[in-house]
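Below: the structure, in structure tokens.
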Amino acid sequence: MKYGIVIYPPREVQDRANALRKRYDSHYSLIPPHITLVDAFEWENISDLTERIEKVAQTIPPFTLKLNKVGTFLPLSPVVYFGFEKNDTIYNLHEKLIHHVLDHEQIFKFTPHLTIAQDLSEQELYDILGRLKMKEYNMEVPVDRIHLCYQLENESWTVYQTFLLKENK
């Protein structure tokens, strides 16, 4: 089965993202706005997977991300996203999930983001990027949990299990 690990932002951030995603994101109907911690991967033993994620979640304290910009992955990928101020905790969480849960290397550099547009023509992408860069962004995303999601047959994603962050002292 195909799994992924994500953070879901609060409703007001989701609403702002969805106002754009409805029009510009071809995956709008497949998954709510989210920040991907671990891209889609295959896994057989779900109890082993949830145990590994739980162990990592217990080592990370809750934290807050500050959404403050719009960016793109061009020329690698035609995606427009909301970006965040640098936050060491999310990078630490990502690294632990990659190395202690999946035990593999990332292909691309981890960039915490919330996708708002994808699968657009180059002209559409530059148009939306230009318009969005003229606006100010200052929203907070408190993170006290992460979600293990799985992909259904219709390619949509749903939550399998939620893990609370709680640093053991």
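Each residue, glycine too, has its Cβ placed from N, Cα and C.
The motif 'HXTX 1' annotation in TrEMBL covers 34-37. Outside the motif 'HXTX 1' (34-37), and at least 6 residues removed from its termini, the chain residues within Cβ reach (under 8 Å) are 4-9, 65, 90, 93-94, 97, 112-114, 141, 146-147.
In the three-state DSSP classification, HIS34 (active site, proton donor) falls within coil. On its own chain, HIS34 (active site, proton donor) has VAL6, ILE7, TYR8, PRO9, LEU114, HIS147 as residues at least 6 apart in sequence with a Cβ closer than 8 Å to its own Cβ. TrEMBL lists HIS34 with the feature active site, proton donor.
Long-range Cβ contacts of the motif 'HXTX 2' (113-116) within its own chain (Cβ-Cβ under 8 Å, at least 6 residues beyond either end) map to 9, 13, 17, 20-21, 24-25, 27, 33-36, 67, 70-71, 79-84, 132. What TrEMBL records for 113-116 is motif 'HXTX 2'.
A strand conformation is recorded for HIS113 (active site, proton acceptor) in the three-state DSSP classification. The annotation active site, proton acceptor is assigned in TrEMBL to HIS113.
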Long-range same-chain neighbours of HIS113 (active site, proton acceptor), Cβ under 8 Å, sequence gap at least 6?
ILE35, THR36, GLY71, TYR81, PHE82, GLY83, PHE84
